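A.B. asks: As annotated in TrEMBL:
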| type | residues | note |
| --- | --- | --- |
| REGION | 1-50 | region 'Disordered' |
| DOMAIN | 54-390 | domain 'Acyltransferase 3' |
| TRANSMEM | 58-79 | transmembrane segment |
| TRANSMEM | 85-107 | transmembrane segment |
| TRANSMEM | 127-148 | transmembrane segment |
| TRANSMEM | 168-188 | transmembrane segment |
| TRANSMEM | 200-218 | transmembrane segment |
| TRANSMEM | 238-255 | transmembrane segment |
| TRANSMEM | 267-284 | transmembrane segment |
| TRANSMEM | 304-323 | transmembrane segment |
| TRANSMEM | 335-354 | transmembrane segment |
| TRANSMEM | 374-393 | transmembrane segment |
| REGION | 412-451 | region 'Disordered' |
Amino acid sequence: MAVSFGTFDKRTRPTRPASAPGRSTPSAARPPAEPAGPTARTDPPATGRRPHLHRVDLIRDIAFLCVIVVHVIGVTYPFPGEGPAFTQLVLHATRAVFFFVSTFVLFHSAYHRPLRVGAFLGRRFKLLGAPYLLWSTAYWALGDHARIRGDLPGALGDLRGGIVWGGSWYHLYFLLVSLQIAVLFPLLLKLVRATAGRHLPLLVVTAAVQLGALTVLFHPTPLSGPLEWYRTHGGMLLPTYGFFVLSGALAAVHLDAFHAWIVGHTRTVWAGTLGMLALTWLWYRHTVAGGRDTATASMATQPVSLLWGPVAVIALYALATRWERARRPVPGRRAAALGARLAFGVYLVHPMILRLLELSGFVAALPWSPAVDTIVLVAVVAGGSAGFAWLVARTPVAPWVIGRERARGGRAASVTIRRSTPAGPHRRPDAQHMGSRSFTDPVVSNHASGA
């Protein structure tokens, strides 16, 4: 039995006008028959609002909170022991979550309709490229301020390198990879369409490529030639995350089966999550026993992430689905939706707030244990970042600063979703058209990092 990925109420579905019983349409009023085959004209676009998919809001909220926790642990535990380091390794699964969600959003929106490449790329560069350049410059000024005063040409060279390789700050690589996804998306869309019916082999090949990339990145000693080049720069390149990217695309293409399997195999999901968590712990212990320090053993880009990341995605989706079905979910749906709208802005600014708290002496003045300090600092950074994003969202510069269109009247601008139902093999059932605006409108607030 197919299960719709979205929430759908037949009472809200527009009805078609029907002829009275026993009456036929005059032949003169009938439209000419459409030719069969690939030359057939597609149905006219249907209009309507799609129900909001609340579970996606919660997925984003949890994942962004995990990102902040990872970065705060790096401050409160500058030389982490095994507990904090393993916690960071586990929370690095947010990389898989957001690359998965990013391409799910894009494919859910574009797979079953023609893609206007120019408009698509223009929007992606506006909501990704402009914030990337602005924040790369801002973080360069924050981190390189001493050199700017004493060696401006050298500092400008640092800025150039930071923009080319996403290195102005540790989280900006994600925007660079997202831009690569945007540029290659039309080709990826054609590839997935052309391999319909053969998606599993495509996924296996992509997994093998990502495993090779992660193995090179995690290699303990310098390599030679192109491998060493990739070992240096691979964290900012798409092949390192290819399996996560393609998984999101294929989940969107096969979304009914994806959702139905998770809902119907909840016990399997949780048992698999616990088993994979134990396997990740054994991998971590093996890495430390082999002579790697705890910081290296908790890296996000290592082979075990290819196993733990997708399992974490499925577990988080299952958790969010259960939350969505609750009569009185905690947090409430409106709170979760607000968090999701602010998410990308929070992601962009939170490392700056964290660094300024360090420079001001606030972090050093925290009087409690590292664990309590971590909780307090997460709350302060998350609150300050959310406040910044909320304020900027109400200004004309919102698209260029936080990657979202400006909110109007204290709420996000409403958008009417128009649906086209093309004929042919790419047509999908009505139930699969149901989804939230956040899924069907591919804005960059669907993105984040598990850096």
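Just so it is clear, glycine is given a Cβ too, placed from its N, Cα and C backbone atoms.
These figures come from a predicted structure and were not determined experimentally.
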A.B. asks: Please determine whether the transmembrane segment (238-255) and the transmembrane segment (267-284) are in contact (criterion: at least three Cβ-Cβ distances under 8 Å, sequence separation 6 or more).
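C.D. replies: By the criterion, they do not touch.
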A.B. asks: Counting Cβ pairs under 8 Å that sit 6 or more residues apart, are there three or more between the transmembrane segment (267-284) and the transmembrane segment (85-107)?
C.D. replies: yes
A.B. asks: Tell me, what is the mean pLDDT of the domain 'Acyltransferase 3' (54-390)?
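C.D. replies: Result for the domain 'Acyltransferase 3' (54-390): average pLDDT 94.
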